[in-house]
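S.K.: The structure under discussion is supplied below as structure tokens; questions concerning it will follow.
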Amino acid sequence: MNIMDFNVKKLAADAGTFLSRAVQFTEEKLGQAEKTELDAHLENLLSKAECTKIWTEKIMKQTEVLLQPNPNARIEEFVYEKLDRKAPSRINNPELLGQYMIDAGTEFGPGTAYGNALIKCGETQKRIGTADRELIQTSALNFLTPLRNFIEGDYKTIAKERKLLQNKRLDLDAAKTRLKKAKAAETRASSEQELRITQSEFDRQAEITRLLLEGISSTHAHHLRCLNDFVEAQMTYYAQCYQYMLDLQKQLGSFPSNYHSNNNQTAVAPVPSASSNVIGSSALTSTSSLVITSPSNLTDLKECGGSRRARVLYDYDAANSTELSLLADEVITVFSVVGMDSDWLMGERGNQKGRVPITYLELLN
């Protein structure tokens with residue numbers, strides 16, 4: 001019974017306090033009551049905290065978009081995070097593109113120029129995908145998590161104490177208003193006592209709020225370190241991607257010029273019409289030696305009709321008796337043969353001789 005009486009009294013007191021604050025707030029808005037202003041330093045701290053919160057949220061959300069452009073994937077990760085479960089690993093776009101390229105290159109044949117180039121590009125894309133995954137993980141841990149901790153932790157505490165300060169300020173101003181309206185000596189003494197209590201509570205809450213807000217400078221310093229970590233992660237990522245692409249470019253650039261087309265006969269200048277089959281056949285034969293027009297080592301080799309030394313890039317198993325099996329890093333002699341497919345050269349090792357795919361070779365000076 002006593003507990004029930006206590007709860008009723010507390011409920012009535014809380015309702016009275018809430019009503020008093022509502023009246024004071026309304027009268028302030030209508031200009032019918034005075035409002036205690038916070039000191040300039042505290043106001044500046046509150047403004048700084050609010051500004052920090054707004055921009056931190058914007059930076060955090062846009063960084064998430066940068067690292068994961070797919071909104072559905074971001075929603076999925078958010079749900080798993082709220083469920084305190086690890087999101088399933090998913091293949092990213094560079095990895096998917098790389099796998100498609102590798103599959104296509106395998107389908108076209110690694111012994112063809114285009115197929116071999118696709119495989120190399122695919123492997124590079126998959127390495128870029130791995131670097132992208134590492135960037136996301138590092139950035140989430142060292143940059144996004146500290147920003148989110150501030151929004152969901154420190155700033156929520158600041159907002160809670162700020163709201164409490166606002167309530168204490170309303171209580172103080174309501175007490176001041178009641179003191180002004182008090183006429184009887186007994187009522188005035190009670191109002192003065194209430195004013196002293198509310199003033200003390202307001203000052204105490206203002207000090208608590210000020211101490212919390214002064215921690216924003218430390219937050220900025222911490223976020224600066226996190227920003228440096230993010231920049232370093234990006235620098236590492238872009239440096240890796242640049243190196244991967246540079247290596248790929250060198251590999252593709254080391255290919256003979258006819259790597260750029262598996263069917264470079266389509267680039268041959270059209271054969272003029274002839275008055276006889278003999279002339280047409282002669283014209284076709286003469287143009288067969290002009291299919292490679294860019295000045296490259298392979299062009300020189302074919303034009304001079306001589307032989308060159310070549311280093312084998314990869315192991316190659318001969319498909320039939322007309323081909324020559326190769327071992328990576330061995331050096332063989334190669335030369336062109338009139339009428340041979342543009343993707344092949346004739347290779348010679350000792351007394352062994354056979355066709356070899358040019359995609360497996362690097363011509364030596």
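Easy rule for this one: first residue shown is 1, then count along the chain.
Even glycines carry a Cβ here, placed using N, Cα and C.
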S.K.: Identify the region 'Required for membrane binding' range according to Swiss-Prot, selecting from 1-37, 297-333.
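M.R.: Going through 1-37, 297-333 one by one, Swiss-Prot gives region 'Required for membrane binding' for 1-37.
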S.K.: Reduced to three states, what secondary structure does DSSP give T145 (phosphothreonine)?
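M.R.: In three-state terms, T145 (phosphothreonine) counts as helix.
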S.K.: For the domain 'SH3' (305-365), jot down how many residues DSSP puts in helix, in strand and in coil.
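M.R.: Tallying H, G and I as helix, E and B as strand, the rest coil: 3 helix, 29 strand, 29 coil.
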S.K.: Give, as a single whole number between 0 and 100, the mean pLDDT over the coiled coil (155-195).
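M.R.: Here the mean pLDDT over the coiled coil (155-195) amounts to 87.
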S.K.: Using a Cβ-Cβ cut-off under 8 angstroms and a sequence gap of six or more, which residues of the chain neighbour T145 (phosphothreonine)?
M.R.: none
